[in-house]
Amino acid sequence: MYEHPFQLKSLNTFSVNAFAKSVVTAHHEHTLLKFWRKAYRKGKPVLILGGGSNILFLENYSGTILLNRIKGIFITENETAWQLHVGAGEKWDELVVHTIKKNIPGLENLACIPGYVGAAPIQNIGAYGVELSQICEYVDAIDLYSGKKIRFTCSECDFKYRDSIFRNCLEKYAIVSVGLRLCKKWKPILDYHELAHLEKFHITPRQIFNFIYIIRHKKLPDPVLVGNAGSFFKNPIIDIKTARCLFQIYPNMPYFYQKDGRIKLSAGWLIEYCQLKGYIFGEAAIYPKQALVLINSKKIATGTEIAALALYIYNKVADQFNIYLQPEVRLIGNYGEINPKKLFM
(Lines of atoms letter the chains of each structure in order from A and count residues from 1; the text may use other names and numbers.)
(Lines give C-alpha, C1' and ligand atoms only; values in the text may rest on other atoms or scores of the structure.)
Protein backbone atom coordinates (compact mmCIF):
# COMPACT_ATOMS: atom_id res chain seq x y z
CA MET A 1 0.00 0.00 0.00
CA TYR A 2 1.31 3.45 -0.92
CA GLU A 3 -0.06 6.94 -1.26
CA HIS A 4 1.69 9.81 -3.03
CA PRO A 5 1.32 12.22 -5.96
CA PHE A 6 1.49 10.16 -9.10
CA GLN A 7 1.97 10.37 -12.83
CA LEU A 8 -0.71 8.25 -14.54
CA LYS A 9 1.05 7.48 -17.83
CA SER A 10 1.92 3.95 -16.72
CA LEU A 11 -1.59 3.36 -15.35
CA ASN A 12 -3.53 3.85 -18.59
CA THR A 13 -2.94 1.91 -21.79
CA PHE A 14 -3.39 5.05 -23.89
CA SER A 15 -0.17 6.25 -22.17
CA VAL A 16 -1.67 9.71 -21.69
CA ASN A 17 0.54 11.83 -19.46
CA ALA A 18 -1.99 12.91 -16.82
CA PHE A 19 -1.49 13.31 -13.07
CA ALA A 20 -3.54 12.53 -9.95
CA LYS A 21 -3.30 14.07 -6.50
CA SER A 22 -2.62 10.65 -5.03
CA VAL A 23 -2.66 6.95 -5.83
CA VAL A 24 -3.45 4.13 -3.41
CA THR A 25 -3.00 0.42 -4.10
CA ALA A 26 -5.61 -1.72 -2.32
CA HIS A 27 -4.91 -5.43 -1.89
CA HIS A 28 -7.83 -5.97 0.49
CA GLU A 29 -11.47 -4.93 0.62
CA HIS A 30 -11.06 -3.05 3.90
CA THR A 31 -8.17 -1.00 2.44
CA LEU A 32 -10.22 -0.07 -0.58
CA LEU A 33 -13.17 1.01 1.57
CA LYS A 34 -10.95 2.85 4.06
CA PHE A 35 -9.29 5.08 1.50
CA TRP A 36 -12.48 5.67 -0.46
CA ARG A 37 -14.17 6.91 2.73
CA LYS A 38 -11.13 8.99 3.66
CA ALA A 39 -11.34 10.87 0.36
CA TYR A 40 -15.14 11.06 0.52
CA ARG A 41 -15.06 12.71 3.96
CA LYS A 42 -12.70 15.35 2.57
CA GLY A 43 -14.98 15.96 -0.40
CA LYS A 44 -12.33 14.69 -2.83
CA PRO A 45 -13.18 12.67 -5.96
CA VAL A 46 -12.15 9.01 -6.08
CA LEU A 47 -11.64 6.81 -9.14
CA ILE A 48 -11.32 3.05 -8.72
CA LEU A 49 -9.04 1.73 -11.43
CA GLY A 50 -8.01 -1.69 -12.69
CA GLY A 51 -5.66 -1.86 -15.65
CA GLY A 52 -6.66 1.49 -17.16
CA SER A 53 -7.32 -0.29 -20.46
CA ASN A 54 -10.72 1.25 -21.14
CA ILE A 55 -10.28 4.88 -20.06
CA LEU A 56 -9.08 8.15 -21.52
CA PHE A 57 -7.84 10.89 -19.21
CA LEU A 58 -8.84 14.22 -20.75
CA GLU A 59 -7.02 16.22 -18.07
CA ASN A 60 -5.32 15.81 -14.71
CA TYR A 61 -7.39 14.11 -12.02
CA SER A 62 -7.92 16.20 -8.90
CA GLY A 63 -8.58 13.32 -6.53
CA THR A 64 -7.39 9.87 -5.48
CA ILE A 65 -6.89 6.92 -7.80
CA LEU A 66 -7.64 3.64 -6.02
CA LEU A 67 -5.93 0.70 -7.73
CA ASN A 68 -8.00 -2.43 -7.12
CA ARG A 69 -5.50 -5.28 -6.68
CA ILE A 70 -7.63 -7.75 -4.73
CA LYS A 71 -6.26 -11.15 -5.78
CA GLY A 72 -7.30 -14.77 -5.70
CA ILE A 73 -8.50 -17.50 -8.06
CA PHE A 74 -10.53 -20.22 -6.33
CA ILE A 75 -11.89 -23.15 -8.34
CA THR A 76 -14.50 -25.69 -7.28
CA GLU A 77 -16.37 -28.19 -9.40
CA ASN A 78 -19.35 -30.49 -9.49
CA GLU A 79 -20.58 -33.01 -12.05
CA THR A 80 -21.68 -30.38 -14.55
CA ALA A 81 -19.43 -27.34 -14.19
CA TRP A 82 -16.38 -25.59 -12.82
CA GLN A 83 -17.12 -22.61 -10.60
CA LEU A 84 -14.51 -19.87 -10.37
CA HIS A 85 -14.39 -17.17 -7.70
CA VAL A 86 -11.91 -14.56 -8.93
CA GLY A 87 -10.59 -11.44 -7.24
CA ALA A 88 -11.19 -8.16 -9.06
CA GLY A 89 -7.46 -7.43 -9.08
CA GLU A 90 -6.52 -10.42 -11.22
CA LYS A 91 -5.58 -9.70 -14.82
CA TRP A 92 -8.24 -11.04 -17.16
CA ASP A 93 -5.87 -12.51 -19.73
CA GLU A 94 -3.85 -14.26 -17.02
CA LEU A 95 -7.10 -15.81 -15.76
CA VAL A 96 -7.83 -17.14 -19.26
CA VAL A 97 -4.32 -18.61 -19.54
CA HIS A 98 -4.71 -20.13 -16.05
CA THR A 99 -7.89 -21.98 -17.08
CA ILE A 100 -6.39 -23.18 -20.36
CA LYS A 101 -3.39 -24.63 -18.51
CA LYS A 102 -5.75 -26.42 -16.11
CA ASN A 103 -7.76 -27.80 -19.07
CA ILE A 104 -10.85 -25.85 -18.06
CA PRO A 105 -12.64 -24.67 -21.23
CA GLY A 106 -15.04 -21.77 -21.64
CA LEU A 107 -12.87 -18.65 -21.63
CA GLU A 108 -10.82 -19.31 -24.78
CA ASN A 109 -12.83 -16.91 -26.98
CA LEU A 110 -12.08 -14.12 -24.50
CA ALA A 111 -8.31 -14.50 -24.82
CA CYS A 112 -5.96 -11.52 -24.93
CA ILE A 113 -8.46 -8.97 -23.62
CA PRO A 114 -6.49 -6.41 -21.58
CA GLY A 115 -7.59 -5.18 -18.18
CA TYR A 116 -8.57 -6.68 -14.85
CA VAL A 117 -11.35 -9.03 -13.81
CA GLY A 118 -13.14 -6.31 -11.83
CA ALA A 119 -13.66 -4.26 -14.99
CA ALA A 120 -15.09 -7.18 -16.98
CA PRO A 121 -18.68 -6.93 -15.64
CA ILE A 122 -18.78 -3.15 -15.94
CA GLN A 123 -18.77 -3.22 -19.72
CA ASN A 124 -19.79 -6.87 -20.16
CA ILE A 125 -16.61 -7.68 -22.08
CA GLY A 126 -16.98 -9.79 -25.18
CA ALA A 127 -15.13 -11.08 -28.20
CA TYR A 128 -15.50 -13.66 -30.96
CA GLY A 129 -19.11 -14.55 -30.18
CA VAL A 130 -18.84 -14.76 -26.39
CA GLU A 131 -19.79 -12.21 -23.72
CA LEU A 132 -19.13 -12.28 -19.99
CA SER A 133 -22.88 -12.41 -19.35
CA GLN A 134 -22.95 -15.96 -20.80
CA ILE A 135 -20.58 -17.33 -18.14
CA CYS A 136 -21.04 -14.96 -15.18
CA GLU A 137 -22.80 -16.45 -12.16
CA TYR A 138 -22.47 -13.47 -9.82
CA VAL A 139 -20.59 -10.27 -9.05
CA ASP A 140 -19.59 -9.29 -5.50
CA ALA A 141 -19.44 -5.55 -4.88
CA ILE A 142 -19.11 -3.25 -1.89
CA ASP A 143 -21.68 -0.53 -1.45
CA LEU A 144 -19.20 2.25 -0.74
CA TYR A 145 -21.70 4.33 1.23
CA SER A 146 -23.02 1.60 3.54
CA GLY A 147 -19.89 -0.58 3.56
CA LYS A 148 -21.97 -3.71 2.93
CA LYS A 149 -20.94 -6.39 0.47
CA ILE A 150 -23.67 -7.28 -2.01
CA ARG A 151 -23.82 -10.28 -4.31
CA PHE A 152 -25.46 -9.50 -7.65
CA THR A 153 -26.74 -12.50 -9.58
CA CYS A 154 -26.17 -12.53 -13.32
CA SER A 155 -29.72 -11.34 -14.00
CA GLU A 156 -29.37 -8.56 -11.40
CA CYS A 157 -26.27 -7.28 -13.23
CA ASP A 158 -28.60 -6.28 -16.09
CA PHE A 159 -26.01 -7.13 -18.72
CA LYS A 160 -26.41 -5.62 -22.18
CA TYR A 161 -24.04 -5.07 -25.09
CA ARG A 162 -20.96 -3.44 -23.48
CA ASP A 163 -23.13 -2.34 -20.58
CA SER A 164 -24.34 -3.39 -17.13
CA ILE A 165 -25.85 -1.98 -13.96
CA PHE A 166 -22.32 -1.14 -12.80
CA ARG A 167 -21.54 1.11 -15.76
CA ASN A 168 -24.06 3.63 -14.45
CA CYS A 169 -23.33 3.12 -10.73
CA LEU A 170 -19.53 3.35 -10.64
CA GLU A 171 -19.58 5.96 -7.89
CA LYS A 172 -21.63 3.72 -5.60
CA TYR A 173 -20.11 0.24 -5.97
CA ALA A 174 -16.63 -1.25 -5.97
CA ILE A 175 -16.45 -4.70 -7.55
CA VAL A 176 -14.29 -7.00 -5.43
CA SER A 177 -14.81 -10.42 -7.03
CA VAL A 178 -16.56 -12.18 -9.88
CA GLY A 179 -18.08 -15.66 -10.01
CA LEU A 180 -17.91 -17.62 -13.27
CA ARG A 181 -19.57 -20.89 -14.22
CA LEU A 182 -17.92 -22.92 -16.99
CA CYS A 183 -19.86 -25.97 -18.19
CA LYS A 184 -18.09 -29.31 -18.48
CA LYS A 185 -20.18 -30.21 -21.50
CA TRP A 186 -18.04 -27.96 -23.71
CA LYS A 187 -18.99 -26.95 -27.22
CA PRO A 188 -16.80 -24.63 -29.31
CA ILE A 189 -18.34 -21.28 -30.20
CA LEU A 190 -17.25 -20.58 -33.77
CA ASP A 191 -20.07 -18.30 -34.97
CA TYR A 192 -17.74 -15.35 -35.49
CA HIS A 193 -16.73 -15.13 -39.15
CA GLU A 194 -12.99 -15.35 -38.45
CA LEU A 195 -13.51 -18.63 -36.60
CA ALA A 196 -16.11 -20.23 -38.88
CA HIS A 197 -13.56 -22.18 -40.94
CA LEU A 198 -12.48 -24.06 -37.81
CA GLU A 199 -15.77 -25.99 -37.73
CA LYS A 200 -14.42 -28.65 -40.10
CA PHE A 201 -11.65 -29.52 -37.62
CA HIS A 202 -11.80 -31.42 -34.34
CA ILE A 203 -10.93 -28.25 -32.46
CA THR A 204 -9.82 -27.97 -28.83
CA PRO A 205 -10.11 -25.00 -26.42
CA ARG A 206 -6.35 -24.55 -26.49
CA GLN A 207 -6.34 -24.41 -30.30
CA ILE A 208 -9.08 -21.76 -30.27
CA PHE A 209 -7.09 -19.80 -27.71
CA ASN A 210 -3.95 -20.01 -29.86
CA PHE A 211 -5.84 -18.99 -33.00
CA ILE A 212 -7.43 -15.96 -31.32
CA TYR A 213 -4.06 -15.03 -29.83
CA ILE A 214 -2.60 -14.88 -33.36
CA ILE A 215 -5.56 -12.92 -34.77
CA ARG A 216 -5.56 -10.31 -32.02
CA HIS A 217 -1.82 -9.75 -32.19
CA LYS A 218 -2.04 -9.26 -35.95
CA LYS A 219 -4.98 -6.84 -35.78
CA LEU A 220 -4.39 -4.91 -32.58
CA PRO A 221 -1.37 -2.93 -31.39
CA ASP A 222 0.44 -3.91 -28.21
CA PRO A 223 -0.27 -1.11 -25.68
CA VAL A 224 3.23 -1.57 -24.27
CA LEU A 225 4.57 -0.31 -27.61
CA VAL A 226 1.69 1.79 -28.95
CA GLY A 227 -0.73 3.61 -26.65
CA ASN A 228 -4.32 2.46 -27.23
CA ALA A 229 -7.45 1.20 -25.49
CA GLY A 230 -8.59 -1.34 -28.06
CA SER A 231 -11.93 -0.60 -29.71
CA PHE A 232 -12.78 3.02 -29.03
CA PHE A 233 -16.40 2.86 -30.22
CA LYS A 234 -19.17 0.33 -29.70
CA ASN A 235 -20.61 -1.44 -32.71
CA PRO A 236 -23.94 0.33 -33.34
CA ILE A 237 -27.17 -1.66 -33.03
CA ILE A 238 -30.07 -0.44 -35.17
CA ASP A 239 -33.63 -1.50 -35.97
CA ILE A 240 -34.38 -3.67 -38.98
CA LYS A 241 -36.17 -0.89 -40.88
CA THR A 242 -33.15 1.42 -40.68
CA ALA A 243 -30.87 -1.48 -41.59
CA ARG A 244 -32.82 -2.32 -44.76
CA CYS A 245 -32.58 1.28 -45.93
CA LEU A 246 -28.82 1.24 -45.38
CA PHE A 247 -28.36 -2.10 -47.15
CA GLN A 248 -30.03 -0.71 -50.27
CA ILE A 249 -27.43 2.07 -50.39
CA TYR A 250 -24.49 0.02 -49.09
CA PRO A 251 -25.04 -3.62 -50.18
CA ASN A 252 -21.59 -4.70 -48.94
CA MET A 253 -22.15 -3.42 -45.40
CA PRO A 254 -21.45 -6.25 -42.92
CA TYR A 255 -24.09 -6.94 -40.28
CA PHE A 256 -24.99 -9.36 -37.51
CA TYR A 257 -28.50 -10.36 -36.41
CA GLN A 258 -29.26 -9.92 -32.71
CA LYS A 259 -31.55 -12.09 -30.59
CA ASP A 260 -34.00 -9.20 -30.16
CA GLY A 261 -34.41 -8.81 -33.93
CA ARG A 262 -32.20 -5.77 -34.27
CA ILE A 263 -29.07 -5.53 -36.39
CA LYS A 264 -25.51 -4.92 -35.22
CA LEU A 265 -23.21 -3.09 -37.64
CA SER A 266 -19.43 -2.99 -37.74
CA ALA A 267 -18.21 0.38 -36.45
CA GLY A 268 -14.80 -0.39 -37.93
CA TRP A 269 -16.32 -0.85 -41.39
CA LEU A 270 -18.25 2.43 -41.12
CA ILE A 271 -15.07 4.31 -40.19
CA GLU A 272 -13.06 2.62 -42.92
CA TYR A 273 -15.74 3.42 -45.52
CA CYS A 274 -15.27 7.09 -44.61
CA GLN A 275 -11.62 6.61 -45.67
CA LEU A 276 -10.32 7.36 -42.19
CA LYS A 277 -8.15 4.28 -41.67
CA GLY A 278 -4.66 5.52 -40.83
CA TYR A 279 -5.88 9.12 -40.45
CA ILE A 280 -3.55 11.29 -38.34
CA PHE A 281 -4.82 14.06 -36.07
CA GLY A 282 -2.00 15.86 -34.27
CA GLU A 283 -0.17 13.22 -32.26
CA ALA A 284 -3.19 10.88 -32.29
CA ALA A 285 -4.14 8.58 -35.16
CA ILE A 286 -6.41 5.78 -36.34
CA TYR A 287 -4.58 2.47 -36.41
CA PRO A 288 -3.78 1.51 -40.03
CA LYS A 289 -4.67 -2.16 -39.46
CA GLN A 290 -7.94 -1.64 -37.55
CA ALA A 291 -10.08 1.48 -37.99
CA LEU A 292 -11.84 1.01 -34.66
CA VAL A 293 -8.62 1.53 -32.70
CA LEU A 294 -7.27 5.00 -31.91
CA ILE A 295 -3.57 5.15 -31.11
CA ASN A 296 -1.03 7.29 -29.33
CA SER A 297 1.92 5.85 -31.23
CA LYS A 298 4.64 8.15 -29.87
CA LYS A 299 2.97 8.28 -26.44
CA ILE A 300 2.96 12.09 -26.49
CA ALA A 301 -0.65 12.74 -27.54
CA THR A 302 -2.89 14.42 -24.97
CA GLY A 303 -6.24 13.04 -23.94
CA THR A 304 -7.98 16.00 -25.56
CA GLU A 305 -6.19 15.28 -28.87
CA ILE A 306 -7.42 11.69 -28.83
CA ALA A 307 -10.93 12.84 -27.89
CA ALA A 308 -10.88 15.41 -30.71
CA LEU A 309 -9.97 12.66 -33.18
CA ALA A 310 -12.83 10.53 -31.83
CA LEU A 311 -15.23 13.45 -32.28
CA TYR A 312 -13.99 13.93 -35.85
CA ILE A 313 -14.73 10.25 -36.56
CA TYR A 314 -18.13 10.55 -34.89
CA ASN A 315 -19.10 13.48 -37.12
CA LYS A 316 -17.80 11.86 -40.32
CA VAL A 317 -19.74 8.65 -39.71
CA ALA A 318 -22.86 10.60 -38.73
CA ASP A 319 -22.68 12.69 -41.92
CA GLN A 320 -22.18 9.61 -44.12
CA PHE A 321 -24.62 7.12 -42.56
CA ASN A 322 -26.78 9.09 -40.11
CA ILE A 323 -25.47 6.70 -37.44
CA TYR A 324 -24.13 8.09 -34.18
CA LEU A 325 -21.30 6.02 -32.72
CA GLN A 326 -21.00 5.78 -28.96
CA PRO A 327 -17.64 5.42 -27.20
CA GLU A 328 -16.80 2.19 -25.44
CA VAL A 329 -13.93 3.94 -23.68
CA ARG A 330 -14.74 5.84 -20.46
CA LEU A 331 -13.81 9.54 -20.51
CA ILE A 332 -12.23 10.85 -17.30
CA GLY A 333 -12.07 14.55 -16.47
CA ASN A 334 -10.77 16.57 -13.55
CA TYR A 335 -13.47 15.35 -11.13
CA GLY A 336 -14.36 11.95 -12.54
CA GLU A 337 -16.16 10.29 -15.42
CA ILE A 338 -17.66 12.56 -18.05
CA ASN A 339 -20.94 11.68 -19.71
CA PRO A 340 -19.99 11.00 -23.36
CA LYS A 341 -23.16 12.76 -24.48
CA LYS A 342 -21.48 16.02 -23.48
CA LEU A 343 -18.91 15.45 -26.23
CA PHE A 344 -20.69 13.20 -28.71
CA MET A 345 -24.02 14.89 -29.35
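Going from the start of the chain as shown, residues are counted 1 onward.
Note that Cβ sites are derived from N, Cα and C of the backbone, with glycine treated the same way.
Per Swiss-Prot, these features apply:
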DOMAIN    16-185  domain 'FAD-binding PCMH-type'
ACT_SITE  Arg162  active site
ACT_SITE  Ser231  active site, proton donor
ACT_SITE  Glu328  active site
Pairwise CA distance, Arg162 (active site) versus Glu328 (active site), rounded so that it is a whole Å: 7
Rounded to the nearest angstrom, how far is the Cα of Ser231 (active site, proton donor) from the Cα of Glu328 (active site)? 7
